[in-house]
Amino acid sequence: MEQSRAHFLSSLAVIYLVLAVSPAASDMADSFDKMWGDIQVFYDSTGHQIMSMTLDRWTTSAFRSKSLYLFGRFDIEIKLVPKDSAGTVTTLYMVTEGPWQYHDEIDLEFLGNTTGEPYTLHTNIYAKGKGGREKQHRLWFDPTQDFNTYSIIWNSRNILILVNGKPIRRVKNKMRDGYPFPLFQPMRLYASIWNADDWATQGGRIKTDWSQAPFTAFFRNYSATACVPYKTAWICGQGSSDSSWFSQELDEDGQQKMQDVDNQYKIYDYCTDSRRFPNGYPQQCGSE
C-alpha cells in the first residue's frame, strides 16, 4: 500500500489538496517563533530583519517556523559564529512532530572550528525513525564573514541540499525498492545552537573555549515556497506562482557540480565507512 501511494504521488496525479504559501522572503519574526535561549530580532542598515541566536555556558537557543510544511523549497541566509567556534554546533533542520520512533528529519549541522580552520557541514536524513546517513563537507568559503544561502528542496522525488545554489547532497525517493523516504508526514523548520564538544570539532579533541562566549549566529531572508497541509490531506499540489521545486531533480550540470563538491570538499561519507560497516555498506547507498 505504501509503495503504491508513493508511486501515485510521484506521478503528480490529477488531484491536489494542499495550497503552496510564502513564495517570497518574509520578516523573520513573522515566520518563526522563539523557543528558548537568547534570541534577538533587529534590522541592519539595509532594512533586512535579522534574528540572532546565542550560546553561552548556561543556555542554548532555538527557534522554529510557525508553519508545518509538506514538501517545498526553503532558503535562508546564515552568518555563522566567527573566530574560535570549536565545540559549537549551529543547526538548520526539518523534523516531524509525530512519534519519535517514526520521525522524519532533514538535518544540516554546522560544526565550528578553531580560528582560521574551515567549518564542516554535517548532513543527515531520517525516515521512519532511521537515520545514520551522515555526510560531511568542508565549506569552501568563510561562512562567518558574510551571509550565505542554505537551501532545502523536498519533494516526492528527492531531497536536495544546496549551498549558495550549489548542490552538495541528493537523496532519491526509493520507496519502491523498500527504502524509507520522508513522504507523508509534515515537517517544521528549526534552527538551534548548542555545545557538542564531545564530538563536533576534530572528533571531540578540541573542546569549547567558554572564554570566547557568547557564541552568536545570525539568520535573515527566509523564504519558503512550500505546501501547508490542509487538515488531514497528504497530497501536495502545485498551487504557487513558482512550483518548479515540486518536480525538481538534478540535471547533468547539477550532478556534475555536486560531484565536483564531493571530489574537493567531502571529508566523510557513511557509504564509504568500512570500519562502521565491515560487513558491507547499507543498501540505500546505491540510491544516493
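Heads up, the Cβ atoms here are built off N, Cα and C, so glycines get one too.
Feature annotations, courtesy of TrEMBL:
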SIGNAL    1-20  signal peptide
DOMAIN    14-219  domain 'GH16'
ACT_SITE  E109  active site, proton donor
CARBOHYD  N113  N-linked glycosylation site
>> Over the span of the domain 'GH16' (14-219), how high is the average pLDDT in this prediction?
In response: 92
> Does anything in the same chain, at least 6 positions from the residue listed as 'N-linked glycosylation site', have a Cβ under 8 Å from its Cβ, and if so what?
Replying inline: S85, A86, Y119, T120, T201, Q202, I206
> Near E109 (active site, proton donor), which residues of its own chain have a C-beta under 8 A away, given they sit six or more steps off in sequence?
Replying inline: V89, T90, T91, Y93, L121, H122, T123, N124
